[in-house]
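S.K.: Okay, these came from TrEMBL:
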{"type": "BINDING", "residues": "H188, H296", "note": "substrate binding site"}
{"type": "BINDING", "residues": "D208, D219, E415", "note": "divalent metal cation 1 binding site"}
{"type": "BINDING", "residues": "D219, H288, E321, E415", "note": "divalent metal cation 2 binding site"}
{"type": "COMPBIAS", "residues": "28-45", "note": "compositional bias 'Acidic residues'"}
{"type": "COMPBIAS", "residues": "50-66", "note": "compositional bias 'Basic residues'"}
{"type": "DOMAIN", "residues": "126-334", "note": "domain 'Peptidase M24'"}
{"type": "REGION", "residues": "19-75", "note": "region 'Disordered'"}
Amino acid sequence: MSTADAAAVAAPEKELAELAISKAANEGNDDGDSDDGEAGADADDDKAKAKAAKNKKKRNKKRSKKAGAGAAGQSADLTVPVSQLFPNNSYPEGEICEYRDDNNYRTTSEEMRAKDRLSEQKLFDLRRAAEVHREVRQNVRERIKPGMDLTTVANMIEDGTRALVEVKGLEAGIGFPTGLSLNHCAAHFTPNAGDHVVVGADDVLKVDIGVHVNGHIVDSAFTMTWNKRYDQLLNAVKDATNTGVREAGIDVRLGDIGAAIQEVMESYEIELDGKTIPIKPIRNLCGHNIGPYTIHSGKSVPIVANHDDTRMEEGELFAIETFGSTGTGYVHEEGVCSHYSLTGSANTAARIPSARKLLQTITSNFGTLPFCRRYLDRLGESRYYLGLKTLVDSGTVTAYPPLCDAVGSYTAQFEHTLILKPTAKEVLSRGDDY
Ligand code: HZT
Ligand code: MN
Ligand code: MN
């Protein structure tokens, strides 16, 4: 589908959107807040720090009031672009976290503030993607119900994302296929055509959504259940992810983050059918850094202590995700593959015509962003399976099959995207839900 279609869908909502614009404008003015507390101007360092802390509190309060506030102006069927709800790049900031210890000087450093300003457009793009993420997930969280099939769920999420982000070629759109993994499967399941998987009342569903603006990807996930018996599993993973988010920072060792996550995750247990089961981190899954149009670039963030002494660095964008399991705490590839992406580096010349044609479609529609078979279907591609297999076998395309723990186990996930700005860490995808 194209921009024109998205615009056509949005058109009947124009009046609603205009109403939301005036509402957002009013909210921006209500506390007389000056966001860039020019703390450096005060000579006294303690004063400056106190002021910075106060501004941080205000900003975060403002964020939680405004973020997803769109919310109020967003239509029930997800049709109002966030650019109409927040004009002039005024997207809400994520959660701002001051750096600690040796890096606390960054909070008020004029040099660091100057560096911040250099990457403002990237930040606006990420905040716009994050706002789309919050509004889409807030909406679908209320609409996903047992009895629904996963294709319906995926379409709700993906059509909503396209409309809110105003999909436009490779300039804005879906960041990667919507993960809809159930129970013992932790990641990388999304339905292919003809799959009729239905959500059950006792299922544990991981919803992993990606949104990008100019290749700047927000990757964030949550877990849904309809039976209270899984509450401790979800609490464990939410706590573990928030621990990873809290520990992340410039100069922090990746292995130390993993150790902190593991300790928190393993402090939980769950009772299922009268049996007490420890909650384990899934040791072969991890967070990752994110580059332009590149969902995993370089570093991995472990969720167990692995003694990796690589450090996080200024400017990096990270997805911090943790997975907890009632099973073995180890995933293997299982079932039919849906997720694929062009292998960034390899540029094999495909000789078989069907593979050549498919490679052209992939390159022009997704570039290096991950895609799934449903996205090829909706572009009108058919009988592409052998061409796709050829590209995978030659290493031109990477396949990401579903990742599952032992049958009968339950897995949960929470994930946030954060950026290590020169002056502060910003948890872009933070919302009032998770
Ligand atoms: C791969 C393919 C996709 C990245 C993590 C992830 C969903 O497990 C290094 C560390 C989408 C994402 C990814 F279609 N993966 N985040 N959200 N999946 S990963 C990975 O392959 S590679 C983690
Ligand atoms: Mn994800
Ligand atoms: Mn991720």
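Each residue, glycine too, has its Cβ placed from N, Cα and C.
Walk me through where these features lie, including what they touch and how far apart they are.
M.R.: Taken residue by residue with DSSP, H188 (substrate binding site) is part of neither helix nor strand, so it is coil. The Cβ of H188 (substrate binding site) lies under 8 Å from the Cβ of G179, S181, S338, H339, Y400, P401, P402, L403, each of which sits 6+ residues away along the same chain.
Under the DSSP three-state reduction, D208 (divalent metal cation 1 binding site) is assigned to strand.
Taking all protein chains in view, 26 other C-beta atoms sit within 10 angstroms of the C-beta of E415 (divalent metal cation 1 binding site).
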S.K.: For D219 (divalent metal cation 1 binding site), what is the tally of other C-beta atoms lying within 10 angstroms of its C-beta?
M.R.: 29
S.K.: Cβ under 6 Å from an atom of ligand 3: which of these binding-site residues qualify? The list is H188, D208, H296.
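M.R.: Not one meets the Cβ criterion.
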S.K.: Need one number: mean pLDDT over the domain 'Peptidase M24' (126-334).
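M.R.: Here the mean pLDDT over the domain 'Peptidase M24' (126-334) amounts to 98.
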S.K.: Which one is it: of the binding-site residues D208, D219, H296, E415, whose Cα lies the shortest distance from the Cα of E321 (divalent metal cation 2 binding site)?
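M.R.: Spatially nearest to E321 (divalent metal cation 2 binding site) by Cα position is E415.
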S.K.: Give the number of CB atoms, excluding that of E321 (divalent metal cation 2 binding site) itself, located within 10 Å of its CB.
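M.R.: That number is 28.
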